[in-house]
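Positions annotated as signal peptide by TrEMBL: 1-21. According to TrEMBL, the domain 'Plant heme peroxidase family profile' annotation covers 22-321. The disulfide bond feature in TrEMBL is assigned to Cys32-Cys112, Cys65-Cys70, Cys118-Cys317, Cys196-Cys228. The site 'Transition state stabilizer' annotation in TrEMBL covers Arg59. The feature active site, proton acceptor is assigned by TrEMBL to His63. Under the heading Ca(2+) 1 binding site, TrEMBL lists Asp64, Val67, Gly69, Ser73, Glu85. Taken from TrEMBL, the feature substrate binding site covers Pro159. Taken from TrEMBL, the feature heme b binding site applies to His189. Annotated Ca(2+) 2 binding site per TrEMBL: Thr190, Asp241, Asp249, in sequence order.
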Amino acid sequence: MKKLLVCIALVLVSLSRCVESQLQVGFYKDSCRLAEFIVKDEVRKAFIKDKGLAAGLVRMHFHDCFVRGCEGSVLIDSTLSNTAEKDSPANNPSLRGFEVIDSAKARLETMCKGVVSCADILAFAARDSVEITGGFGYNVPAGRRDGRVSLAPETINLPLPSFNVNQLTQLFANKGFTQEEMVTLSGAHTIGRSHCTSFNNRLYSFNTTVNQDPSLDPTYASMLKQRCPQNNDSTLVVPMDPPSPNMMDTSYYQGILANRGLFTSDQTLLTNSATANQVTQNARNPFIWKKIFAAAMVKMGKIGVLTGSAGEIRANCRVINS
């Protein structure tokens, strides 16, 4: 039995490496050589109009990869008979940037019809968003194909703002990440915004003993209460990292050390000695964090990819091919 388990493990590792080997940097150099340039151009134009879209695209890539793998299922629209991932409570109304992917896809279909997948467009756009907000650029291995299924209930695979450090560690481990990589990727919360409804419980109904989360800096809590009254207005938003909401920097980690992590899932990183140490190290070493964040993004982009003849190349990222 032990030998059988070892054999199965070796087969799974072999299959994983096989899939990864089919993703290649410069995948479109012959079939659509301007593919990455066009995506970068669309991200740049969108960022000029709305700097928050960069954070939206990074988050969208994460939400794509953690549900069914990086195969563009988050982009598919709901139908009368099916509620898609994008319309689940985890993604709606918070997920944004779909129009950037649409614009890039439209240009690419004009230039290279049926060649560049929506999943790759999203992976490129996330990389470009990291770079345009001050993070390190990185090479994106491409060759992903698009999935044909998108189911709202499967967003249960996404972390919740209320998760504690053990829940986060386990969820990321399920996707092949170490605890250190989980802390690294959590740093994406250094850009973007959150709806008040994602953390209002920390301000008004933390538990049966206290209304306000005692781990939250009181001054910061007062500021949040001014922006987020108790009425749970789902349209109200605040920056994830107030000092630099549009900069990919380590201010997020500095905020956690000052008890100003917005979500429970942010502040919980101080409740474990190993993750607390990583928060401190990242706060002190922005260059190193940017480097390991880029590496973690490359790794995330390989989760559950479809390659070869699997899946399809969608003509419209919102709709599976008929």
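In case you wondered, yes, glycine gets a Cβ from its N, Cα and C as well.
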Legend entry - Arg59 (site 'Transition state stabilizer') and Thr190 (Ca(2+) 2 binding site), Cα-Cα, nearest whole angstrom: 12
Legend entry - Fewest other Cβ within 10 angstroms of its own Cβ, chosen from the disulfide-bonded residues Cys32, Cys70, Cys118, Cys196, Cys317: Cys32
Inset, instruction - Any same-chain residues 6+ apart from Arg59 (site 'Transition state stabilizer') with CB under 8 Å of its CB? Would you list them in sequence order, or say none? - result: Ser94, Leu95, Ala188, Gly192
Legend entry - Per-residue pLDDT averaged over the domain 'Plant heme peroxidase family profile' (22-321), given as an integer: 97
Legend entry - Sorted by sequence, non-Thr190, Asp241, Asp249 residues with Cβ within 8 Å of centre, Ca(2+) 2: Gly187, His189, Ile191, Met240, Pro243, Ser244, Pro245, Met247, Met248, Thr250, Ser251, Tyr252, Gly255
Legend entry - Entry from the binding-site residues list Asp64, Glu85, Asp241, Asp249 having the most other CB atoms no farther than 10 A: Asp64
Legend entry - From Cys32, Ser73, Glu85, Pro159, Cys228: recorded positions whose CA lies within 10 A of Cys118 (disulfide bond): Ser73
Inset, instruction - Using a 10 angstroms cut-off on Cβ to Cβ distances, just flag whichever of Gly69, Pro159 is the loneliest among these binding-site residues. - result: Pro159
Legend entry - Distant-in-sequence Cβ neighbours of Cys228 (disulfide bond), under 8 Å, six or more positions away: Cys196, Phe199, Asn200, Leu203, Leu236, Val238
Inset, instruction - Ten-angstrom check, please: count other Cβ atoms within 10 Å of the Cβ of Val67 (Ca(2+) 1 binding site), all chains counted. - result: 27
Legend entry - Distant-in-sequence Cβ neighbours of His63 (active site, proton acceptor), under 8 Å, six or more positions away: Val74, Glu85, Ala90, Asn91, Leu95, Thr155, Leu158
Legend entry - Integer Cα-Cα distance in angstrom, Cys70 (disulfide bond) to the residue listed as 'substrate binding site': 16
Inset, instruction - List which of the binding-site residues Ser73, Pro159, His189, Asp241, Asp249 have their Cα within 10 Å of the Cα of Cys65 (disulfide bond), in sequence order. - result: Ser73
Inset, instruction - List, in sequence order, those recorded positions among Cys32, Pro159, His189 whose Cα sits within 10 Å of the Cα of Asp241 (Ca(2+) 2 binding site). - result: His189
